[in-house]
């Protein structure tokens, strides 16, 4: 099923956030990083920018607690735009769906939005850090891409390409080569967004660009950096622009 969403302008403004790692205790720290205030600061920044659509690319909760997903749901409702969320390896997918699987969250895996298609993929594996799409989902993706030639954005949690960081490449998308083979036959795939790496990266393969996004939680290789997110502007002709934003959280106090 394809869900249609009509925005107000020709340019589609998207915000991508990832790897929030929210905890049941909003004051608790993960690897020395108090994750909840950082995520709250990013949502405050997003409210000032009013994106048309929010993409959340996994690891939304660290502990899978109902309180963490309820907090996330409340922030998205306050933001006031539709949102597409996928699970990362730290998430509890069933709980994510139960708590966040209703408006403003959009529940279908394929969306038609202002001349673009957005397809959300599931790379989650129970009790695994690495990811896998599996053959049935790859076959499904191949079929979906074959039915519409509109410019397409794909989102998954695990990077499907090697990013040059040994520890991260070892826990990326295990069937990345098979995924790349599928999309190589569909030149309308313009963007592939991922999380998991806790850093921004960009790679190009043919007409497809692969983009990584910094975390709202800690950045693995540069822990001194603040919370980050990615903005994208998509045009109906398939062109796009993107920018990384950093949000200073030093003065943020979350209660």
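The backbone N, Cα and C atoms fix where each Cβ goes, glycine too.
So that you can see what the record holds, here are the features copied from Swiss-Prot:
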- 19, 21, 59, 198: Fe cation 1 binding site (BINDING)
- 21, 59, 89, 90, 198: AMP binding site (BINDING)
- 59, 89, 157, 196: Fe cation 2 binding site (BINDING)
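What Swiss-Prot annotates, mapped onto the structure for a quick look.
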residue	record	contacts (Cβ under 8 Å, 6+ apart)
19	Fe cation 1 binding site	57, 58, 59, 88, 195, 196, 198, 213, 215, 216, 217
21	Fe cation 1 binding site	30, 33, 35, 59, 61, 62, 90, 215, 217
89	AMP binding site	58, 59, 124, 125, 128, 129, 130, 131, 157, 158, 196
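Its Cβ taken as reference, residue 157 (Fe cation 2 binding site) is surrounded by 29 other Cβ atoms within 10 Å in the chains shown.
Among the residues 21, 59, 89, 90, 198 said to bind AMP, no two Cα atoms are farther apart than 13 Å. Note on the binding-site residues 196, 198: the fewest other CB atoms within 10 A surround the CB of 198. Within 8 Å of the centroid defined by the CB atoms of 21, 59, 89, 90, 198, the record's AMP site, lie the Cβ atoms of 19, 58, 62, 88, 91, 195, 196, 215, 217, excluding the listed residues themselves. By a simple count of nearby Cβ atoms, those within 10 Å, the most crowded of the binding-site residues 59, 90 is 59.
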